[in-house]
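Q: Pulled these features from TrEMBL for this protein:
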DOMAIN    163-287  domain 'Palmitoyltransferase DHHC'
TRANSMEM  63-81  transmembrane segment
TRANSMEM  93-110  transmembrane segment
TRANSMEM  209-233  transmembrane segment
TRANSMEM  253-277  transmembrane segment
Amino acid sequence: MPPGGGGPMKDCEYSQISTHSSSPMESPHKKKKIAARRKWEVFPGRNKFFCNGRIMMARQTGVFYLTLILILVTSGLFFAFDCPYLAVKITPAIPVVGGILFFFVMGTLLRTSFSDPGVLPRATPDEAADLERQIDIANGTSSGGYRPPPRTKEVIINGQTVKLKYCFTCKIFRPPRASHCSLCDNCVERFDHHCPWVGNCVGKRNYRFFYMFILSLSFLTVFIFAFVITHVILRSQQTGFLNALKDSPASVLEAVVCFFSVWSIVGLSGFHTYLISSNQTTNEDIKGSWSNKRGKENYNPYSYGNIFTNCCVALCGPISPSLIDRRGYIQPDTPQPAAPSNGITMYGAMQSQSDMAAATPLLQSEPSLTSDEMHLPGKPGLGTPCTSLTLGQPTPPSSMPNLAAEATLSDIMPLKDEHGGHQFLTPDEAPSPPRMLGAGSPLAHSRTMHVLGLASQDSLHEDSVRGLVKLSSV
């Protein structure tokens with residue numbers, strides 16, 4: 001600015017108006033910060049998650065807590081009342097071996113109970129719709145007629161025909177050996193069974209830990225039962241049988257628990273040893289999927305024909321990664337609209353007491369002009385510099401049509417309707433900066449101007465705001 005304060009200003013660009021500091025309310029378009037949610041929080045199955053999704057269990061966990069109590073109480077009584085006597089009378093290796101078995105049992109139990117058994121992710125709505133279209137094309141049915149839902153597909157595995165069943169809950173064709181658990185409401189890969197004693201399904205990803213749990217529990221139960229009987233016999237040789245029972249009542253409780261549980265645990269371990277050696281699942285064995293009763297040509301296509309190989313594959317093979325990504329973050333479908341870059345609040349927001357905040361803002365639905373669009377004569381573009389202004393002489397926006405420019409506007413944008421399509425707007429009704437146009441201004445007494453259609457009215461409305469931005473920058 002030249003010294004003296006009365007000369008013309010230099011060319012300027014349109015400046016941005018920010019009402020954030022003067023407006024008491026936040027803009028409705030400001031993007032809201034939403035806390036990111038993990039996938040386990042909206043998991044569709046009937047499961048419970050702990051430790052931020054790291055632990056996954058079934059909802060029915062009452063029997064699992066009973067399993068924990070039986071193992072902890074029985075082992076605790078054995079280490080507290082039997083091991084001190086046996087370590088002195090026989091060998092100190094007894095509590096050491098018992099401790100190793102106990103920790104191995106607890107580790108495999110928790111690993112089985114807290115892990116993903118191999119849950120298959122459900123189909124998204126788009127994937128389910130695409131699958132339906134593929135089925136329609138394969139079946140040759142029209143979209144308008146009624147079509148029963150598909151049931152099975154057939155695939156060939158090692159020369160054996162295997163049927164893939166359609167899951168109406170997960171909206172997928174289940175892969176071979178997978179099944180839907182009715183308790184957890186999930187499709188599980190290589191589904192064996194749902195075990196309430198471990199509080200989880202037993203499938204592809206935790207079967208080896210389940211087998212090692214029941215096998216080690218069988219050894220621990222037999223170990224405790226055998227040495228509890230040994231403890232009672234040694235005491236009875238010194239003080240008599242009844243006195244021995246009175247001196248160690250905990251041994252009696254341990255013997256009763258182990259006696260009634262050892263048969264089922266050892267039997268279950270033997271049954272799963274047979275399943276592993278033949279590379280079968282409990283589900284397949286119960287259904288008789290590969291039984292010779294179905295025909296001579298019916299055989300197990302998953303067996304390697306060797307007991308040693310089947311055991312190595314089941315117990316020593318690689319563990320596949322989880323497919324559900326339960327600790328991953330949910331991607332938002334539609335992000336919240338961001339704040340407008342010009343900083344002007346919408347209609348309905350509380351305006352500031354300043355004169356700049358009194359300007360009428362633009363709605364989002366109103367069209368905005370770019371520098372590439374055609375400009376009317378005498379109308380500056382969005383990126384063009386402002387014309388020179390003289391301080392102390394406020395003028396209305398240059399885009400406001402006057403008497404001379406009215407004919408030019410009429411030539412460029414013809415009227416749609418000569419009589420009924422006109423909309424009239426007086427200069428007094430047009431938005432203007434407060435205290436800038438006095439009552440004696442020539443513009444206030446100008447005759448009524450024509451607004452040429454809805455598009456012209458929006459353009460004039462936008463131009464008025466641009467003029468206000470320019471004046472505010474001065």
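A Cβ is built for glycine as well, from the same backbone N, Cα and C atoms used for every other residue.
Since we're looking at a predicted model, the values are computed, not measured.
How buried are these features, and what lies next to them?
A: Beyond the ends of the transmembrane segment (63-81), by six or more residues, the same chain brings 57, 95, 98-99, 102, 105-106, 109, 113, 196-200, 217, 220, 224, 227-228, 248, 250-251, 253-254, 257-258, 261 to within a C-beta distance below 8 angstroms of the stretch.
Within its own chain, the transmembrane segment (209-233) is flanked in space by residues 71, 74-75, 78, 82, 85-86, 90, 94, 97-98, 101-102, 104-105, 108-109, 111-112, 115, 192, 195, 198, 202, 241, 244-245, 248, 251-252, 254-255, 258-259, 261-262, 265-266, 268-269, 272-273, 276, 314-315, which lie at least six positions past its ends and keep a Cβ under 8 Å from the stretch.
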Q: Counting each residue once, how many in the domain 'Palmitoyltransferase DHHC' (163-287) are helix, strand and coil under DSSP?
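A: Counting residues per DSSP class in the domain 'Palmitoyltransferase DHHC' (163-287), I get 76 helix, 19 strand, 30 coil.
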Q: Go through the chain and flag residues at least 6 beyond the ends of the transmembrane segment (253-277) whose CB is under 8 A from any CB in it; none is fine as an answer.
A: 70, 74, 77-78, 82, 210-211, 214-215, 217-218, 221-222, 224-225, 228-229, 232, 285, 307, 310-311, 314-315
